[in-house]
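Chemist: Below is a structure I'd like to ask you about.
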Amino acid sequence: MPVVKMNQSLKRLNKLIEEGYGQGEGKDYKPFIDVFRVTTKGRATRIKGWKSQRVHHFLSDSETRFFYLLDFDDEVIDIREHYPLMEDLDKITPQLDDQLFKRLINQKTGEPLILTTTFLVTKKGKDGEANYYARSIKDYRQLENNQVIERFEIQRRYWEEKGIDYGIVTNKEIPKILAKNIEYIHSSYFLVEYGITSSQQELYQDILFHLLVQAGEMPLNELLTNFDKEVNADKGTGLLIFKHLIAHKRLLVDMLEPLDLSMSANQVLINEGGDHSGHFLKSVDSI
């Protein structure tokens, strides 16, 4: 839960707003915090999202791992990271006691501090309308810090006022194997970035499906090597297509167990319908 210190007063804040930070949806959203303007003790990461098709910015491994879960969840349709608590904040400030109100002010300069929630997530509703939930990501050890807890309480009240479900997720609650598996396949989602045309994608998919049906207990890595030879492609093309098809849910493997390329090919299931992430994780908002 980074805090943006507006040391250059409201003039700087207004400039950020004019430039569109913390605004927009989908591909047009600009996170209020990005890895270029904020220093972090954690690992800063930039990742192109499947759903948004824009670059997302994260300040820790836990933020990145939770993002992978969101991007893999078919119910999620938009992910906005580092969302600022600005709009309608005045509706809850009268409710804050002096101690909480202090968390909105830079005690050295008297200038405002902008709190951000790590993720504002949009998901498909059963009635076809969009539903929202907000999540703060934090290392569990920081929950003993009173200042951190007070900032979370402000966020809780903010999102409650808006009627949006809010929760705190620690690094202990994120399924690391699942997140690591999604990380492994994530960059293979857009094959066009590897120079593979749509007609090649269809051809490669059909060939890989055929090989899987015929493979039986053949080790998967052997099958992928055979694929490269059969299509006369560069080494690793079969693995790229394999990861791409998992990302698109056309191939199903147990994502809750470490992906092992030495497993039998018959452990990989062909899913003609696609969109099947719920087979492994019902919904990220349950975390």
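Cβ atoms here come from the backbone N, Cα and C positions, even for glycine.
Features from TrEMBL:
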type: DOMAIN; residues: 73-170; note: domain 'TnsA endonuclease N-terminal'
type: DOMAIN; residues: 173-255; note: domain 'TnsA endonuclease C-terminal'
Chemist: So how many of the residues in the domain 'TnsA endonuclease C-terminal' (173-255) end up helix, strand or coil by DSSP?
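Modeler: Across the domain 'TnsA endonuclease C-terminal' (173-255), the residues distribute as 56 helix, 3 strand, 24 coil.
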Chemist: Averaged over the whole of the domain 'TnsA endonuclease C-terminal' (173-255), what is the pLDDT?
Modeler: 96
Chemist: Just to be sure I understand, if DSSP states are collapsed into helix, strand and coil, how many residues of the domain 'TnsA endonuclease N-terminal' (73-170) fall in each?
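Modeler: Output for the domain 'TnsA endonuclease N-terminal' (73-170) reads 35 helix, 38 strand, 25 coil.
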